[in-house]
Amino acid sequence: MGFFSRFLIPNPSPVIYSSMVAIGVTVLLIIVGLTHFKKWFHLWSGWLTTVDHKRIGIMYLISALLMLFRGGVDAVMMRAQLAVPDNKLLDSQHYNEIFSTHGVVMILFMAMPYIMALMNFVVPLQIGARDVAFPRLNAISFWLFFMGAMLFNISFVIGGSPDAGWSSYFPLAGNEFSPHVGTNYYMIGIQIAGIGTLMTGINFLTTILKMRAPGMTLMKLPMFTWSSLVTSIIIIFAFPVLTVALIMGTMDRLFATKFFTITDGGMDMLWANLFWVWGHPEVYILILPAFGLFSEIIPTFSRRNLYGYRSMVASMVFISIYSFFVWTHHFFTMGQAAYVNSIFSITTMVIAIPTGIKIFNWLFTMWKGRIRFTVPMLYSIGFIPLFTIGGVTGVMLAMSAADYQYHNTMFLVAHFHNVIIPGVVFAVLGAGTYYWPKMFGFMLNERIGKWAFWFLTIGFCLAFFPMYITGLDGQARRMYTFSESTGFGPLNMISFIGTALMAISFVLIVYTIYYSIRHASRDVSDDPWDARSLEWATHNPVPEYNFAIIPQVNSRETFWDAKYKGHELFKGDYEKIHMPNNTGGPFIMSCIFFVFGFALVFSIWFLAIIGLIGIFVCMAYRSFEIDHGHYISVEEIKETEAKFGGVSKWK
Amino acid sequence: MEIDHSQPLEYSTEQNRLNILGFWIFLGAEIMLFGTLFASYFTLVDRTGNGPIGAEIFEITPVLAETFLLLTSSFVIGLGIHAMRLGNKKAMLTFFVITLLLGVGFIGFEITEFITYYREGATLQTSAFTSMLFTTLGTHGAHVTLGLFWGSFIILQVKNRGLTPETANKSFIFSLYWHFLDIVWIFIFTFIYMKGMT
């Protein structure tokens, strides 16, 4: 392909051109708005250079919501295309690109950052720390994720999106069958974001192991922090595998190596194995923190302590180990021996046991509790039956013999949405509402939030349950249309209606944020939900240093015991607090990463070399830099605390 | 910064202890990275297509030289850290410089080795086996090259700023990295070269 023709969209349509215009207009509006309101300096000094874990968490949250919109638009387009037989809304190439990017965006650029948002915001507060272990590295993690996501997203306006599915199987993803640059975007965008995720894993593991408040032993950790600890370990073991797989994929595409080719000894199944050795644990990287969030929300709104703490921890550890022994269930039908299938069939089914333990623990927590039906609690209650249905169909899929019937049908699509949407999306939406006052100092409107919940839940059931039926009847996934004689039409129309309801729910979620910014009271107490763990012991919104005095922990639910059993949380006097300095380094380096990635996608070698040198110059500069951080003086702490009405509440 | 004088310099502050633990965890991730490369290598080692097999291209002399240089450098950097513990800045710097010179020698031999392979018709694009061979060796070589730059920056900092908790911490972490590359090389030597030559 000629140099300039690589930048063109392979199959342009009016939809893509109008998106290009929309993107251009939005960028222009943002630039004009920032200039008009003179916010450039604020943006730079307050956000782009920040190393504060709370602000980084909020930036993750905003990115995740944006990506939820992008992935959601993809979903609506797909369901609209399939709503009636022989539809001509999208052509096959466009449909391929949409389902590929929908998968990647939703898993890697929506669910992951949403989880990271909550981990970043909540974990240091829950363990009574001032920040994470490596605040600068945390900023690098965020900006690498962000630049990776942006690089992936510009694919549909420059050069074309990946079209080989989110699992990007070779040889389909090789140069021969995917000649345009889409798959390059996939390989490099995910690589850049993946480095950021790996750094987050290292950062949070160190933080949780070393920075807990005095008295907080591992068996006194709040459940969300436990889940973050386990998740960090899975990230550290799983992401390097993805790194290697993506490097090999990139080299096959850019340098004509022979890893996954059909000829010259290449082995396409090696990609499938490496991808899923990462990809299966990735599912648990998403779901375990979600479980942790439910374990925070359910006790709070049941006014009972979590039932079976130890079995919750044990089941999580068990799941994390087992997540590495099941990857082959993703290709039962691709020609391996029957005994291999049997082994992976059994290991897959075994995961249902610890998960079942957790489900029962949540039910027992609610049992005899005084339940308050707030928005976060509604999401948690809705999660239990829906997730269980998803789990049961998962066990059906795990039966390798029967999988020859379901494989690559809509049944599978229904199954994984049935675990990921109630499991992860409900968790992050519920926890987003739950932690909103801690993040921003006001509550989200409950009435609109409940409407959003019901639209999402009913929409979800309508959208995905029909797919189980059409899947068992043989409707294949990834087919861009079907004929009328198949009889899939009416059920697909119901799916489309469900999708529309889910889209309305997203609009309502955005509206409740807008409405609450305008109308909600700014006068909320530090502990609006009457919660149980340490993050509620500090002010709303949280001051820069988190806790003016580091708390003393001597029970599992320290904050609850401080409120109702007279447990003393904050002992001693104010002392000056050491904090890290803001720095532009992470942002600048990640921008260079973006340029480097873009140059690689289009094989612009001189720019790639300049980018690579730029990245190393940033690292060298950092090596020589002297930065000892700064201190917050006792007077400043007293001033800040006085504005909130004093620390002494739990003292 | 509170400095705890009962600890060795590199462990003497809170941040230093965090850095060292964090780096150990990072090395855990690096083990996974090289582990994946080795697993892929074993998968592809016999898939040579029309290209040469390992036994046809491997030569013992440069590989032994590389092994000798890298293992010695790992020993020397250990001496450097020992000198640092004793507070002998000059000896430490000397050992670090020797370490990096040995590293440069290693890279020199590796480059000539790659050129020889290329002349014998084993390129990155020849077969799945050669792709994997160059990727595995290249990843290790790239790590060593990065280490050469990183090490020289640390030498400059120790030279100019003396042995402070910060520079000692950086030097110690660099030594962990260098030892790690040595251990990876032992696996490369055994399972790629020794196994490939028999």
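Positions of Cβ are set from backbone N, Cα and C atoms, glycine also.
Across the residues of the domain 'Cytochrome oxidase subunit I profile' (A:38-554), the predicted structure has a mean pLDDT of 94. For A:38-554, the entry in TrEMBL reads domain 'Cytochrome oxidase subunit I profile'.
Residues annotated as transmembrane segment in TrEMBL: A:15-37 (among others).
Per TrEMBL, the feature transmembrane segment maps to A:58-78 (among others). If you look at the transmembrane segment (A:58-78), the same-chain residues 6 or more away from its ends with a CB under 8 A from one of its CBs are 15, 47, 89-90, 95, 98-99, 101-102, 105-106, 109-111, 113-114, 116-117, 120-121, 142, 145-146, 149, 153, 428, 432, 439, 499-500, 502-503, 506, 510.
Positions annotated as transmembrane segment by TrEMBL: A:185-205 (among others). Non-local neighbours of the transmembrane segment (A:185-205) in the same chain are 100, 104, 108-109, 112, 116, 119, 123, 132-134, 137-138, 140-145, 147-149, 151-152, 154-155, 159, 161-162, 164, 168, 173, 228-229, 231-236, 239-240, 242-243, 246-247, 249-250, 253, 593-594, 597, 600-601; each lies 6+ residues outside the stretch with a CB under 8 Å from one of its CB atoms.
Beyond the transmembrane segment (A:226-249), the same-chain residues lying 6 or more positions past its ends with a Cβ under 8 Å from any Cβ of the stretch are 115, 119, 123, 168, 170, 173, 183, 187-188, 190-191, 194-195, 197-198, 200-202, 204-205, 208-209, 257, 259-260, 271, 274-275, 277-279, 281-282, 284-285, 288-289, 291-293, 295, 312-313, 316-317, 320, 323-324. The transmembrane segment annotation in TrEMBL covers A:226-249 (among others).
As annotated by TrEMBL, transmembrane segment applies to A:269-294 (among others).
Within its own chain, the transmembrane segment (A:306-327) is flanked in space by residues 219, 223, 226-227, 230-231, 233-234, 237-238, 273, 276-277, 279-281, 283-284, 288, 291, 295, 298-299, 344, 347-348, 350-351, 354-355, 357-358, 360-362, 364-365, 367, 556, which lie at least six positions past its ends and keep a Cβ under 8 Å from the stretch. The transmembrane segment annotation in TrEMBL covers A:306-327 (among others).
Sequence-remote contacts of a segment are chain residues at least 6 beyond its ends whose Cβ falls under 8 Å from one of its Cβ atoms, and for the transmembrane segment (A:339-364) they are 291, 294-295, 298, 306-308, 311-312, 314-316, 318-319, 322-323, 325-329, 332, 380, 384, 387-388, 391, 394-395, 398-401. If you look up TrEMBL, you'll see A:339-364 (among others) marked as transmembrane segment.
Summarising the annotation, TrEMBL assigns transmembrane segment to A:376-399 (among others).
Per TrEMBL, transmembrane segment is recorded for A:419-436 (among others). Same-chain residues lying 6+ beyond the ends of the transmembrane segment (A:419-436) with a Cβ under 8 Å from its Cβ atoms: 61, 64, 106-107, 111, 114-115, 117-118, 121-122, 283, 286-287, 289-291, 293-294, 296-297, 300, 374-380, 382-383, 386-387, 390-391, 394, 442-444, 449, 452-453, 456, 460, 464, 509, 529, 535.
Here TrEMBL flags A:448-469 (among others) as transmembrane segment.
Residues annotated as transmembrane segment in TrEMBL: A:489-514 (among others). Residues of the same chain lying 6 or more positions beyond the ends of the transmembrane segment (A:489-514) and with a Cβ under 8 Å from any Cβ of it are 65, 68-69, 72, 75-76, 79-80, 82-85, 429, 444-445, 448-449, 451-453, 455-456, 458-464, 466-467, 469-470, 475, 482.
Summarising the annotation, TrEMBL assigns transmembrane segment to A:587-617 (among others).
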- Message: Six or more residues beyond either end and a Cβ under 8 Å away: which residues meet both conditions relative to the transmembrane segment (A:587-617)?
- Response: 6-7, 48-49, 139-140, 143-144, 146-148, 150-151, 159, 181, 184-185, 188-189, 191-192, 250, 254
- For the transmembrane segment (A:448-469), distant same-chain residues with Cβ under 8 A (at least six beyond the ends): 79, 375, 378-379, 382, 386, 393, 410-411, 413-415, 417-418, 421-422, 426, 429, 433, 475, 491-492, 494-506, 508-509, 511-512, 515
- Query: Who are the chain neighbours of the transmembrane segment (A:269-294) in space, where the CB to CB distance is under 8 Å and they lie at least 6 residues beyond its ends?
  - Reply: 107, 111-112, 115, 118-119, 167-170, 173, 223-228, 230-231, 234-235, 237-239, 241-242, 244-245, 248-249, 259-260, 316, 319-320, 323-324, 326-331, 334, 358, 362, 380, 383, 419-420, 423-424, 426-428, 430-431, 434
- Item | Intrachain residues whose Cβ lies under 8 Å of the transmembrane segment (A:376-399), provided they are six or more past its termini | 294, 297-298, 300-301, 329, 345, 348-349, 352, 355-356, 359, 362-363, 366, 406, 411-412, 414-419, 421-423, 426-427, 429-431, 433-434, 450, 453, 457, 460-461, 468, 529
